[in-house]
Amino acid sequence: MNNSGEAFVMVHSTSEIIEMFYQLAFFVIGTPINVFALIKTSRNVREGGVESRLVKLSRQLLIAHIMVLFMYGIWRSYWIYNIVWTQENSNLGDILCRVFSFLCALPFHLWSNMVAAIAIDMLCCITSPLSSYRTGANRVNWLITLAWGFAILCASPMSILRGTIQINDEDMYQCYPRTDVFNDDILIAFNLFHVITSFYIPLFIVIICYLAIGFSIRKQMAERRLLQDGGQSGQKTTNTKARFLRASVAIICTFLFTWLPYQVLALLRIVCISEECQEVVSKLNWLQAIIIASTCINPFLYRFGSEPKRSSYYCSTMDTAGSRSVRRSTTVREAEAQRVAAAAHRARCGGVEHQQQQQPTNLANPTLSPRSTRATVREPTRVPHRLKNTKSNEV
């Protein structure tokens, strides 16, 4: 948008054209992937699959991804295409500007809050796995509720501090911070609040949780070495913990490496007010594209949802209402298998003893089979009664 003399000319810059292109490209690629992942997880649960707590939290991340792709791929691209916000009905344009500002901030707050919630859930699983059976489902529901609540709370000021601003004396408006109502100090303070609450506070929570997880795992490994516990139950617990720990670490590392460059840039934009610094920062706005691009990668980390008809026996795996019944049925099946194995062992032992008792008879008459031997033994019982009487009379 250029202002040459008194003429007001609107022209797209090269950076705006590139921004429109990659936002639309990410929307076309990422939206079907995220929608498919969301539908697949819902279908697996309806068909009786066991939804892990990690998958349940990841579903909220998929929702945040879809919101980001829609707001930036459709609405923001349309705004950049038009250059100005609106040319008609300033009241409606102001309302839409406030809604747009709120919906643009909401998914990013939700995204970072859910990553922090995953770290908190993993910490509870590692430090107290037994209590996770009883409180896991309720804890995850509370974490999701708190994540949405804080996301809405932190994004709400966007709808207050932003609005439509008239461009010079033209009948055109732009969606911009309300510099005519709020002074610079308030706007700077809110921008700092937005950056800290959308990234740095969740990152601090993640770091604290995983430091505690590391100390807890180290302590458990030391205790296991002292007890020399190498049983199947301990091995199963270790494998399940390791699997879910790797999945959560993958999600959190992706969040960290894709968000950190742009969030450092956003913080520099606030604290560095010199012209040289602002000029450098303005050339690095493309770093936000990395965050949007991660919405196309993350669903593959979530493995498109839960495994049907499968339950992990230990750690952070069960969160459905029927988790206890599934766990109980698994225990019953194991007990039945042990009883069958014991019965088979007793039958084999009994067969060996029976063969040992018949072995002398077989040695005496090696030409006879065990069946013929039993027939020979039972033969005197089939002697006619009259012969017995005759023999007795002779005596």
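Heads up, the Cβ atoms here are built off N, Cα and C, so glycines get one too.
Whatever TrEMBL says is automated annotation, not expert-curated.
Annotated in TrEMBL:
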type	residues	note
COMPBIAS	354-375	compositional bias 'Polar residues'
DOMAIN	33-302	domain 'G-protein coupled receptors family 1 profile'
REGION	351-395	region 'Disordered'
TRANSMEM	20-39	transmembrane segment
TRANSMEM	60-79	transmembrane segment
TRANSMEM	99-120	transmembrane segment
TRANSMEM	140-161	transmembrane segment
TRANSMEM	186-215	transmembrane segment
TRANSMEM	244-264	transmembrane segment
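Packing against the transmembrane segment (186-215) from elsewhere in the chain are residues 105, 108-109, 112-113, 115-116, 119-120, 122-123, 126-127, 150, 154, 157-158, 161, 177, 179, 245, 249, 252, 256, 259-260, 263, 266-267, 269-270: each is 6 or more residues past its ends and has a CB under 8 Å from a CB in it. Highest Cβ pair count under 8 Å relative to the transmembrane segment (20-39), across stretches 60-79, 99-120, 140-161, 244-264: 60-79.
Beyond the ends of the transmembrane segment (140-161), by six or more residues, the same chain brings 53, 56-57, 60, 98-99, 101-102, 104-107, 109-110, 113-114, 116-117, 120-121, 177-178, 182, 186-187, 190, 193-194, 197-198, 319 to within a C-beta distance below 8 angstroms of the stretch.
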